[in-house]
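Quick notes on the structure that follows.
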DNA sequence: AGCTAAACGGACCGGGCGGTCAACTTGTTA
DNA sequence: TAACAAGTTGACCGCCCGGTCCGTTTAGCT
């Protein structure tokens, strides 16, 4: 299908700065950031953006993709960690700390726009599930928690913080700490649903 | 300023169905729901919408207002409740259960668009703070929690659930339970920030 | 019933968006 | 260095949105 001819030098450069600009802009303004603004920030023309990514959605997918890849890589490492409880927490901190506003959007079905994205998500999901199971075996977290629970909850601090007027840059740690405590095995009663 | 002449009968009817339609539409599609769609759903013309609310923001404010008023009323009641811990939880459940997607947006400065909204928010905040303090005095939740923490966290379940493909209608209870457990006094170590 | 002002509604406007295109520039290769 | 393909660009298109306006309808009063 795609003949993988190597990218021309300037094209590669533009692609990189485009990705950086998109990451920043999406982080600051959310998905509503306009393509024109992103292009301006990257110092390239709007047309060039669409040459690299046929659609704004594809651009977002690319941005989100390497976040997920990074997280998945970390998760894979952490599976081997000696103490699974702290390892799980470390992963959640990495997730909450690095992303800002991108949030949970990557959970949406990519609709085949980007098959790589679907793979990465599946991969991340598998690693997190393994991590969770190890943490449960070690008695670090309650047994009725799933990998999905963790994925969902690790994004909550960012969401919550995004609504406080002048958030301290690491305020998210506060809410992550509370949520992580909620995962501990001495909680009251079984979880609904 | 505003001479409070009583509303004409049809105008009152329209205003009511407009509010209902706006509530539903905002809940389903978020703030991006178009005014035209809301008008159509209410069975009125678009111009009529702007007659009742000069701006889309004002319409949202009105919708949000009675959510907050309702919550504030409940909070005020619950302050007198015999067991403050469950009372606080009940409030958080009411907040998480009734709203869908409106989320935390009401925390944004209304910018004077609607002074009533600011008042209601302040009122809710005060009642929740009182509730929290009583719960702390009873040893039901950890002492380093603020009213703001509770407001933020009680909206998280809804956010989180909105990203799962086919959520059970009360899946939010699951995440609220986890979060509420995180508020309990036997958490590990002091909270950051 | 008849009158008036309140209320209605939809064509219309300006602006911003995602996406396209054809003329132009530039890296690459022989 | 010549020539071509790959890459760039910004003007442009169509669409949709929030908001306006004015001709029309209608509730309420006498």
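Cβ coordinates are placed from backbone N, Cα and C, and glycine is handled just like the others.
Just so you know, TrEMBL annotations never went through curation; they're auto-generated.
Taken straight from TrEMBL:
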- A:34-53: DNA-binding region (DNA_BIND)
- A:12-71: domain 'HTH tetR-type' (DOMAIN)
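Note on the DNA-binding region (A:34-53): DSSP counts are 15 helix, 0 strand, 5 coil. For the DNA-binding region (A:34-53), the model's average pLDDT works out to 98.
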